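Read through the structure below, which is laid out as structure tokens, and then see the notes.
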């Protein structure tokens, strides 16, 4: 087990960063950045090693950056404000239809864009619209977050956790779509079923004075049409890119889409390159890079290998039992630990466990491993992915999209307390983890059949 000072120090820094993030005393990016730099300054990990660990996750960072630029480039067209207003008008004064509208609009967007990015775009539109029709916008924001986190399971690129795990086990966009996206459907259905009970006040409401709503107009329609072509091509290549004679991974597709969107926005003069790049969420990117360094230190000092040995002792070679245990264990952990660092830590841990129990050779531990893991152990990674994604619905600090929504709510004068979010999040998380465990069990049953 862990017995050396650097390992204990790395573990202490990791736990300290997580506690700082949970306390919300300082910004999560500062907490992670500080933790990474402490490890570099104390020479637990060198700066070069830290950069190497960041570069191992280049695909995740490139995908995030590309999507952020792509989406920000088309903000001046006001397409998202227009969609939000149409959502309220289509509800025709019905709280029930409004809640279903939030689910219907958020779901497809989050299937193809990272959930935190989608929340950044749609959440700022909810408070003014809700205030116009006289309802509390906090429950609507919380519902949007639940949907965003859950819909991330619909595709490989919909959630950072799914992309990180998918990248680690080398699953293609199409394979994910056919094998695992049904779990995203089940997660959304579970929200639809539970919404009338959790949000009963708004569900039963009737709104009046809809004629007083703001009516935003779409700007630059020709640019928006061209942008629609770019986004359509990006989505098509997300699906077919990796199956082409010369494979094109999702990260490369996102970067090309971002470049074309920048070119279109700049040449049409709807915005400047400087403004678009300035508004990229650099804070989130730096947070991820810092977390990759911290997780790298856990790998280097042997903490990850020690935890893998412990997992092998507890679970043994019973993959089915281990998968079900992982759904709930990772789900509960993800409710208090942001799911990105959790997944980044769990991937090498699970790979080491697979090696320890003899299901694969040590070559799978290499950063450049591009083969396939044995089919028997894949349910472990699926279970970890589902637990990390759906567990993020449990508390305010469980996912980055939760924190984004809370910040937007506070800007509009209604802070979301930890306990208020918990009141909604706990039942949603409990239902979804049970559904995920049943789905993983079904996957293993059909695999054996």
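Along the chain as shown, residues are numbered 1 onward.
Glycine too: its Cβ is placed from the backbone N, Cα and C atoms.
Here's what Swiss-Prot has on this protein:
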type	residues	note
TRANSMEM	1-21	transmembrane segment
TRANSMEM	26-46	transmembrane segment
TRANSMEM	51-71	transmembrane segment
TRANSMEM	97-117	transmembrane segment
TRANSMEM	137-157	transmembrane segment
TRANSMEM	223-243	transmembrane segment
TRANSMEM	244-264	transmembrane segment
TRANSMEM	285-305	transmembrane segment
TRANSMEM	310-330	transmembrane segment
TRANSMEM	340-360	transmembrane segment
TRANSMEM	377-397	transmembrane segment
TRANSMEM	425-445	transmembrane segment
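Residues 58-60, 62-63, 65-70, 73-74, 156-157, 163, 173, 223, 226-227, 230-231, 233-234, 237-238, 273, 276 of the same chain lie 6+ residues outside the transmembrane segment (244-264) yet bring a C-beta within less than 8 angstroms of a C-beta in it. If you look at the transmembrane segment (97-117), the same-chain residues 6 or more away from its ends with a CB under 8 A from one of its CBs are 63-64, 67-68, 71, 83-84, 87-88, 90-91, 140, 143-144, 147-149, 151-152, 154-155, 157-160, 184, 188, 191-192, 195, 199, 202-203, 207, 235, 238, 281, 284, 399-401, 404. Against the transmembrane segment (137-157), the recorded stretches 1-21, 340-360, 377-397, 425-445 differ in Cβ pairs under 8 Å, and the greatest number is found for 377-397. Of the two recorded stretches, the transmembrane segment (377-397) does not lie close to the transmembrane segment (285-305), with fewer than three CB pairs under 8 Å once pairs fewer than 6 apart in sequence are set aside.
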